[in-house]
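One structure below.
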Amino acid sequence: MQLLVLQGPNLNMLGQREPTIYGSTSLADIHNAMREKATSAGIELSFIQSNHEGVLVDTLHAHYGKIQGIIINPGALTHYGLSLRDGLALMDVPIIEVHLSNVYAREAFRHHSVVAAIAQGQISGLGWQGYLYALDWFIQRKSA
């Protein structure tokens with residue numbers, strides 16, 4: 001099983017950016033924890049982080065027909081990234097949307113996700129471990 005892990009704008013600054021909201025774990029540390037768990041389950045992960053929506057869409061197009069699922073934290077693109085949402089929709093694979101903070105307990109503009117309606121599920125507010133929970137879902141799906 002091959003999964004694509006997409007990280008949106010500003011996630012490259014995890015560990016430094018507002019640690020009281022997003023925690024002190026770096027993106028590299030999150031990816032390393034995911035890679036370790038995935039490897040033991042026989043799952044291959046490809047990671048991409050970009051601050052540019054078009055790069056994320058191009059990445060989806062490059063992986064079309066080559067992956068079995070997507071784990072995505074769209075960052076601020078969650079709320080208005082329509083080209084990203086459309087790119088995700090054309091992939092025809094399960095998508096799990098992850099957010100480090102509980103977006104529904106924050107500012108009202110963060111409560112709407114353009115991705116949620118096309119995602120299999122959403123994990124919000126469980127910190128960096130939310131990525132591992134998303135990966136667990138794919139591991140269980142692979143085993144079924």
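Every residue gets a Cβ built from N, Cα and C, even glycine.
Here is what Swiss-Prot records for this protein:
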ACT_SITE  Tyr22  active site, proton acceptor
ACT_SITE  His99  active site, proton donor
BINDING   Asn73, His79, Asp86, Leu100, Ser101, Arg110  substrate binding site
SITE      Arg17  site 'Transition state stabilizer'
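Residue environment of Arg17 (site 'Transition state stabilizer') contains 12 other Cβ atoms, counted within 10 Å of its Cβ in all protein chains.
Across the fold, the C-alpha of Asp86 (substrate binding site) and the C-alpha of the residue listed as 'active site, proton acceptor' stand 27 Å from each other.
In this structure, the binding-site residues Asn73, Ser101 were compared by how many other Cβ atoms lie within 10 Å of their Cβ, and the smallest count belongs to Ser101.
Nearest Cα neighbour of Arg17 (site 'Transition state stabilizer') among the listed recorded positions (His79, His99, Leu100): Leu100. According to its DSSP assignment, Asp86 (substrate binding site) is helical. Around His79 (substrate binding site), a 10 Å sphere centred on its CB holds 15 further CB atoms from the protein chains shown. Separating the Cα atoms of Leu100 (substrate binding site) and Tyr22 (active site, proton acceptor) is a whole-number distance of 6 Å. Residues within less than 8 Å, Cβ to Cβ, of Tyr22 (active site, proton acceptor) and separated from it by at least 6 positions along the same chain comprise Leu14, Leu100, Ser101. Of all the recorded positions listed (Asp86, His99, Leu100), Asp86 has the fewest other CB atoms within 10 A of its CB.
In the three-state DSSP scheme, His79 (substrate binding site) is classed as helix. When secondary structure is read from DSSP and collapsed to three states, Tyr22 (active site, proton acceptor) falls in the helix class.
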